[in-house]
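Worksheet: the structure to be examined is printed underneath.
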Amino acid sequence: MAAPGQETVLEQEAALEEAEPPAQADAEEEKEPKLRDTPEDISFEASANTIAFHPSRDIIAAGDVDGDVYLYSYSCLEGGNQELWSSGHHLKSCREVSFSHDGQKLFTVSKDKSIHILSVEEGRLVTRFPKAHSSALNSLLVIDEHLFATGDDNGMLKVWDLRKGTAFMEMQQHEEYISGMSIDENKKLLLTTSGDGTMGVFNLKRRRFELQSESQNGDLTSIALMKRGKKVACGSSEGTIYLFNWNGFGATSDRFAVKAESIDCMVPVTENVLCTGSIDGVIRAVNILPNRVIGSVGQHLGEPIEQLAKSRTGQLLASCGHDQKVKFWDISSLSSIVVDDYRKRKKGGQLKALSRKAFGGGDDFFADLREEIEAPKEEEKEKEKEDSGSDESDNDPPGRLHPWKAIR
């Protein structure tokens with residue numbers, strides 16, 4: 001039995017205990033992670049050359065200039081990104097990563113001339129081709145569960161069969177590095193872009209070289225199939241997008257000069273819209289036929305962009321650049337954009353912001369100030385171009401090699 005006065009103390013303590021849970025609950029509510037529009041940036045100790053999204057899970061792979069490969073799970077919850085594993089098997093820069101179609105393996109190619117195939121679950125080395133090419137590898141394309149293609153700095157293309165563990169097709173039709181590869185849905189024609197300014201066409205079914213396009217100004221740096229495979233778009237170091245008709249690969253059907261120093265990488269977002277990355281660090285959304293720069297998706301603050309990748313849902317775009325970061329951008333609005341043939345010509349001004357994180361978007365604190373400063377600069381450039389009567393894309397000599405290619 002409690003002594004007189006003790007009951008009062010016990011009652012007060014009980015009352016305090018009853019009052020504490022709501023306070024704790026409030027504190028827990030405050031600590032709940034915040035939901036963001038996009039995942040947070042992923043930072044690395046070295047510049048990332050290449051990124052790839054997993055085909056069925058919220059996972060992204062990255063390879064850097066030190067030869068390291070990383071696998072991260074990503075989330076729009078604050079603090080939700082998590083490193084799953086890292087691999088340091090490559091002796092030199094990792095230049096391309098790509099998941100197998102079933103998502104169980106990760107293919108990587110390197111400047112050290114090797115091809116590695118890693119297990120996605122553990123990051124364990126499953127298969128290794130130590131001297132796959134005689135030159136540094138630069139590009140990679142996974143074709144199906146058995147076949148994949150690789151291209152090197154000297155223009156050599158190889159197509160590999162995992163069942164035999166060797167390359168069944170080896171051809172060198174390009175004089176410079178192979179920068180990108182794409183294939184039609186029937187897995188018949190393999191297309192390549194090269195630093196020699198040409199596009200190559202290879203027939204996988206017949207295992208032969210078909211033809212090479214006429215040479216364009218500057219390096220062809222990237223490739224994308226558009227308009228349900230009826231058009232092929234190639235980016236160039238001169239900031240021009242060259243368009244080819246399917247089965248009309250010899251000569252371009254159209255060309256479009258984007259107001260960018262270069263187009264170093266690009267990825268199709270819809271049948272009509274693709275995103276491009278440039279040396280100026282800006283990610284542009286571009287509509288194909290009618291040819292129009294729609295606006296800016298995001299930027300790497302003046303640092304060159306190495307690669308772009310689209311997520312499996314099509315809602316996110318990832319980019320990697322020389323700022324040693326992988327950034328994520330919301331591109332969900334691009335699927336609903338319709339571009340009319342009619343265009344009102346305007347001079348100067350800023351690229352339209354297509355996401356909250358892009359310059360001029362809702363999260364850009366300095367948007368108004370930047371527009372005041374940069375608009376006059378654009379007007380001056382336009383005036384200079386009109387006075388000189390020349391196009392900006394013709395200023396550099398053809399075939400020039402980008403300065404950061406040496407870094408890769």
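Glycine is no exception: its Cβ is also placed from the backbone N, Cα and C atoms.
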Candidate ranges 1-38, 77-114, 191-228; TrEMBL annotation region 'Disordered' resolves to 1-38
Other same-chain positions with a Cβ less than 8 Å from the repeat 'WD' (130-170) and lying at least 6 residues past its termini are 92, 95-102, 107-115, 176-183, 187, 190, 192, 194, 196, 200, 202, 204, 207, 408
Whole-number mean pLDDT, the repeat 'WD' (171-212), equals 97
Spatial neighbours of the repeat 'WD' (305-339) not adjacent in sequence (6+ beyond its ends, CB under 8 Å) are 37-56, 60, 62, 74, 264-270, 272-273, 275-279, 281, 283, 285, 287, 290, 292, 294, 297-298, 354-358, 404, 407-408
